[in-house]
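Swiss-Prot has this to say about the protein:
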- Cys273, Cys276, Cys293, Cys296: Zn(2+) 1 binding site (BINDING)
- Cys288, His290, Cys307, Cys310: Zn(2+) 2 binding site (BINDING)
- 1-7: topological domain 'Peroxisomal matrix' (TOPO_DOM)
- 61-89: topological domain 'Peroxisomal matrix' (TOPO_DOM)
- 123-147: topological domain 'Cytoplasmic' (TOPO_DOM)
- 186-216: topological domain 'Peroxisomal matrix' (TOPO_DOM)
- 237-326: topological domain 'Cytoplasmic' (TOPO_DOM)
- 8-37: transmembrane segment (TRANSMEM)
- 39-60: transmembrane segment (TRANSMEM)
- 90-122: transmembrane segment (TRANSMEM)
- 148-185: transmembrane segment (TRANSMEM)
- 217-236: transmembrane segment (TRANSMEM)
- 273-311: zinc finger (ZN_FING)
Amino acid sequence: MALSCANRPQLIRSSQKDEQFQGSLRGQAHEVCQAFAGAKKWLQWRKEIELFFDLAYYCLTTFSGYQTLGEEYVNIVQVDSSKRKVPSLFQRAALICCHTLLPYLLDKEFVRLEHELHIETDGVRLSHSGLSSGSHRRSWMWKRVHRKIAALSEQQKKTLIKAVYIVRQSIAFLRRLHLAIFYMNGAFYHLAKRFTGINYLRVRRSAGDDQIVNRSYTLLGAVSLFHLLLLLWVQLNSFQQRQEAQQKWKLLRRMSYQRAPPHEKSYKRRAKCTLCLEVRRHCTATPCGHLFCWECIMEWCNTKAECPLCREKCSAQKLVYLRHYR
C-alpha cells in the first residue's frame, strides 16, 4: 500500500496532542514535587524537572521506535528523508536532543550570560528563576567566562548585552519564520525535524480535500509572513529611533550644567540612581514608581523590558520623564 505524506492539519493536531499529554505529565510532576519537596524546591528545579519528563516521554516513544500519542492519534508515522524507511537510531536521538535539550540549554546559558553581564556592568544582582546569585556553583567553563567578562570595558559589556538580546530575539524570529514557511509548504512543523530530515507519512487517507485545506494554510502562511516582515520593519525602525535619541541625549547631557543649584544639593546627595550609583539626573519614573536616570533606565529597558528593582514588566515607551522634579 502506497502511503502519502501527512498534511498540515494532521501535523498540527499531532503536535498539539503531544503537548497536551506532556502538559499533563508536568502537572502531575508539579503536584508530586510540591507534596514531597515543597514549593521552593519545585520553583528552583522546575525547568529541569519538566525537561526530564519531556525527555522521558520522547525516549519511551520516538527513541524506542514507537509512535508518540499525538502521532498515533492522527495515524501518521515517522520516516527519513527518502520516505522509504523509518529514521535511524541516530536521527531519532538527534531529534530528541534538538527538540527538548537544545532549547533548554540555550535559554539557560543565555540567561546566565545576561546575569553575569548585568552583575559586572551595573553592580545589581538579579534574582531569576533557577539562578541564585550566591548559591549556584560555577563550572570551570563559567569561571573562565566570568574572568573574560571582568576583563572587558564597560562599553564592551554593554555591547555584549545588546548582542545577547539580539541573538535571543533572532531565535524567536527564526521560529516564527519557520512556522510561516510550514503553513505555506507543509513540510516540517518543528525546526528539529527540519534539521534531522524526519518526515511523516499518513497510514490512512483523510476524509477532507487536501487541496482546499492546503490553499487555506498557504493563505495563512502568507499573512503570517507579511506580519512577520512588518514586525521586523517596526523593530528596526524603533531601534534606529532609539539610537538617534541616545545620540541627542548624550549631546544634551554634555551641554547641561555640571553642578546642581545650591538648594538642590542636600536633596540630590540622597537621590541616587540605583543603576549607575551616582546622583540621579533627569529623573525618570517607571510604571511601578521607581526612579532612575533617564539614560540609565533607557539603556536598561532596551536590553531587558522590566524594572531593575521589582522585575515588573516595563517597556521603554512607558517610561515617564519627570520635568522640574525636586
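Quick reminder: no glycine exception, Cβ is built from N, Cα and C everywhere.
It should be emphasised that the depicted structure is a prediction, and the values quoted were computed from it without experimental measurement.
Spatially, by CA atoms, the binding-site residues Cys288, Cys307, Cys310 include one closest to Cys296 (Zn(2+) 1 binding site), and that is Cys307.
DSSP gives Cys293 (Zn(2+) 1 binding site) a strand state.
Of the chain residues outside the Zn(2+) 1 site list Cys273, Cys276, Cys293, Cys296, Thr274, Leu275, Leu277, Glu278, Arg280, Arg281, Phe292, Glu295, Ile297 have their Cβ within 8 Å of the site's Cβ mean position. Shown are the binding-site residues Cys276, Cys296, Cys307; of these, the residue with the fewest other Cβ atoms within 10 Å is Cys276. The closest partner of Cys273 (Zn(2+) 1 binding site) among the binding-site residues, by CA position, is His290; the full candidate set was Cys288, His290, Cys307, Cys310. Comparison of 8-37, 39-60, 148-185 by number of C-beta pairs under 8 angstroms to the transmembrane segment (217-236) places 148-185 first. Secondary structure of the topological domain 'Peroxisomal matrix' (186-216) per DSSP (helix as H, G, I; strand as E, B; remaining residues coil): 13 helix, 4 strand, 14 coil. When the binding-site residues Cys273, Cys288, Cys293, Cys310 are compared by the number of other C-beta atoms lying within 10 angstroms of their own C-beta, Cys310 comes out lowest. For the pair His290 (Zn(2+) 2 binding site) and Cys276 (Zn(2+) 1 binding site), the C-alpha distance works out to 14 angstrom.
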